[in-house]
Structures are given as structure tokens and as C-alpha cells.
Amino acid sequence: MAEAAATGAGGEMMAAVAAGEGCSGPAGLSLGRGFSGYRPFEPQALGLSPSWRLTGFSGMKGUGCKVPQETLLKLLAGLTRPEVRPPVGRGLVGGLEEAAQEAGLPVRAEPSPTFPTLGIGLDSCVIPLRHGGLSLVQTTDFFYPLVEDPYMMGRIACANVLSDLYAMGITECDNMLMLLSVSQNMIEEEREKITPLMIKGFRDAAEEGGTAVTGGQTVINPWIIIGGVATVVCQPNEFIMPDSAVVGDVLVLTKPLGTQVAVNAHQWLDNPERWNKIKMVVSREEVELAYQEAMFNMATLNRTAAGLMHTFNAHAATDITGFGILGHSQNLAKQQRNEVSFVIHNLPIIAKMAAISKASGRFGLLQGTSAETSGGLLICLPREQAARFCSEIKSSKYGEGHQAWIVGIVEKGNRTARIIDKPRVIEVLPRGTAATALAPENSSASSEPSL
């Protein structure tokens, strides 16, 4: 470890952080809930050319299409109305009495209740409703194809939309809408064969999440786009505000990093110029396995982790997507009520993706800036609860494929986040593979980690 452990995290848990320890299910052939029996997509089985590629109908991939975070906040500044409702916090909800009076409803004599509120720039919006002490929690997301299998692309898109609710510990979604753009560059045969598969994948993932797709919007566009809106009405005790991290908490991550690297490397198999830059550090078979692992991880719902956030008293969380683990950590740190900062020591990464990132000179994976799509939850947990969370999430009662690693600590600070100079890379082996005989320097294989 290149830097000394911060004070206040506790000796026992810091030992786990320093060792790069975590929890994951044993390597095996199970594909996880919803993926058993999966067969790789073959275009020719649908009567399409073997060279047909879903990713050929867009110029960007997945959550890599996001506007840079600083630019985004500037663009959205005009939407913020602090006089009505603070962007984050637990302030009084202004205007509720006036709205009730206008509607002819009785107004209580006592002061307005205090409701949790979230607004622009965060994972989900939390809007207090006028009746019954309930809140509307809503999120929307969409992106472009990043895998070739249209069914799995639909699942990934739905999982990504729901993940913003899961980041708040919400496990139930009342309704989903689907947003779909069909490429004008597709011939009619392609549209008729591919589009239903994307829709089915989205619908199946929604059903796995206990919700349903009841509408949406479908348009023609040069690029394929898929995403949606997730909505739930709930009581304040059903969600966890992302603002209560305390000194001594530890950071837990529930999916490995490297999805964007994996899907790009998979496309480079057919691009000699790109492939020549990485072929000395990875084999074609390793790229195929990493791509499949990335696809299954992206399509896995964060619902189990969301439920366990309540069980183990999580203080805050976010999901890791287009801004990378560092960008989302920084955004989460800014929302904290206490004067804390996040320090990341360990980076669980799909095996060989760190080497590809270095060899290609792209992505910024070890710097934490590489985009992820439908990534895991980064959760602030009490020190004494983190190990139990990691152990519980891999229980067979939740299905195969769930993982978690302790990746950092919460220390006293000024609401910032950083990755240490030489983070420990945890090589996460694709399911169905055996542990490597020798892990690279400054890394550890994770087939059977212990706490």
C-alpha cells in the first residue's frame, strides 16, 4: 500500500482494506440469476450476416456517452430552483400549504413536516408529495449499444435505469417506461428481428425487478438508443438518503470495474490496428471471457445490494456508471452532511482489463475515470457491518453472481474523493475460469478472497 491508512477506520477493517480483501462467489459455470442456459448471440441464426453488429448502429457505447460531469452541472444550472426545494438535504418543503389551499384541501395547523429531498445532478430525484407523507422517487437513463446481443442489450439498459433507485436502497419499482430509438440505417428485416429482442430483454429485466413496463416512446433515429424511466412512490423509511457517511465508515463496491474496456477490447478483435496494441498483454480467449463477464455483470440487477443496504445500516451510496468510480465517488462525497472524504485503496477489475488499459493508453481505468455501464453500488457502511455485508451478498439464496469488495475508507475531510497513488488491483476472474498461476505485481486474483 503506497499510503498510510487514515485514522478512524478501525484496525481490523483497515487490515482488510490493506490486504485488498473482499467477497465473491467461487468461480464456476453458473451464469447467475436470469442467465442460466445463455447461448452467445449468433446473427446468422436470425438470417443475418455473420458480420452483423449491433454496435455498428451507433458511434458511442453505453454510459460512455455521458456529458462530462462539470459541463453537465453547468448546463443544468438553469433547472435548479433552490427557493422551492434544495438540491439535496432534509429541508422544509415550501409551497405545500399553498398548493393544498388552492386544491380546497384542509391545511394542518402544525408546521410543515421535514421531508428528504434530492434534485438536479444526483442519481434520482426525491420529490415530497402533497398527500400522506409520501415521496416520489424517479430516475431516467438511456444510452447506445455496447454489446452485440440485442436481448442482453435490453437487459443491461433496464438494469442501468433501475440502478439509480437501488443506489438509494429502494428495492421496489412501481412503474417503468421504455425509451427506444430504432436506427434509420437498419433495413426493415433487421428492425423486425432485432427490436423485439431488445424489448424482450428490457421487459424480462423489469419483471425480474418486480415491476412492469407500461409505456414509453419509440422513434426513428440515426443511432440505436435504449433506456427508460423508473418511478416509485414510497415512505421516507423505504429509501436511504445519500448524505450520512461518517468518519470510520468503509467503502464497499458490488461489481468489478472494467466493463468499458472489455467491450472495446472485444470490438478490437476485428480491428488489427487496435488489436496489435494489446495482443502482447491479453489473448483472444481472455478478451472473449472478459467481454462475457462484463455483459453478465452489466445485466445483473443491483436489487440484492439495495436490500442489504437496509440490513447493514448503510449511510450513503451511489452507482458507478459513466463518470467512473472516481467521478461518482466525488459526486457522492460532495453531498455529505458531515465533513468527510473518501479514499479508495483497492480497485476490483475484470481480469486483464487493467493491462489492456495500460497497453492501449486509453480509458484511465487505474485512475478511476474509465466509464462503466450498469456498474455496481459504491456503499458507505459502518466498519463493523462491511464484512458481514460482503459475506451475505454472495449467499446462494440470492442466486449466483453477486460479489462485493472493501475498496476504501471514509476519513475526516472536505467532501472530496481520491484514489491513492498506487491502488491495489484485484483481478476478478471471469466465471468458469481457473485462478492464474501468477498474479501481476500490485494485484491479487480474487477467486477465493477472504476477510
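Heads up, the Cβ atoms here are built off N, Cα and C, so glycines get one too.
The active site annotation in Swiss-Prot covers Unk63. Per Swiss-Prot, the feature ATP binding site maps to Lys66, Gly121, Leu122, Asp123, Asp141, Asp164, Gly215, Gly216, Gln217, Thr218. Summarising the annotation, Swiss-Prot assigns Mg(2+) binding site to Asp123, Asp164, Asp319 and lists similarity to another entry as the type of evidence. Sequence annotations record features per position, and here Swiss-Prot assigns phosphoserine to Ser49 based on similarity to another entry. Annotation comment: Swiss-Prot describes Lys66 as site 'Important for catalytic activity'.
The secondary structure of Asp164 (Mg(2+) binding site), as reduced to three states from DSSP, is helical.
The closest partner of Asp164 (Mg(2+) binding site) among the recorded positions, by CA position, is Asp141; the full candidate set was Ser49, Asp141, Gly215, Gln217. For the residue listed as 'phosphoserine', none of the binding-site residues have C-alpha atoms inside a 10 Å radius of its own C-alpha, out of Asp141, Gly215, Gln217, Asp319.
Here the Cα atom of Asp141 (ATP binding site) is found 13 Å from that of Asp319 (Mg(2+) binding site).
Classification of Gln217 (ATP binding site) by DSSP places it within a strand. With all protein chains in the displayed structure included, the most crowded Cβ environment within 10 Å among the binding-site residues Asp141, Asp164, Asp319 is that of Asp319.
Other C-beta atoms found within 10 angstroms of the C-beta of Gln217 (ATP binding site) number 11, with every protein chain shown included. Within 10 Å of the C-beta of Gly215 (ATP binding site) there are 10 other C-beta atoms, taking all protein chains into account. Taking the Cα atom of each, Asp319 (Mg(2+) binding site) and Gln217 (ATP binding site) are about 25 angstrom apart. The residue listed as 'phosphoserine' falls within neither a helix nor a strand when secondary structure is assigned with DSSP, and so counts as coil. Other Cβ atoms within 10 Å of the Cβ of Ser49 (phosphoserine) number 9 in total over all chains.
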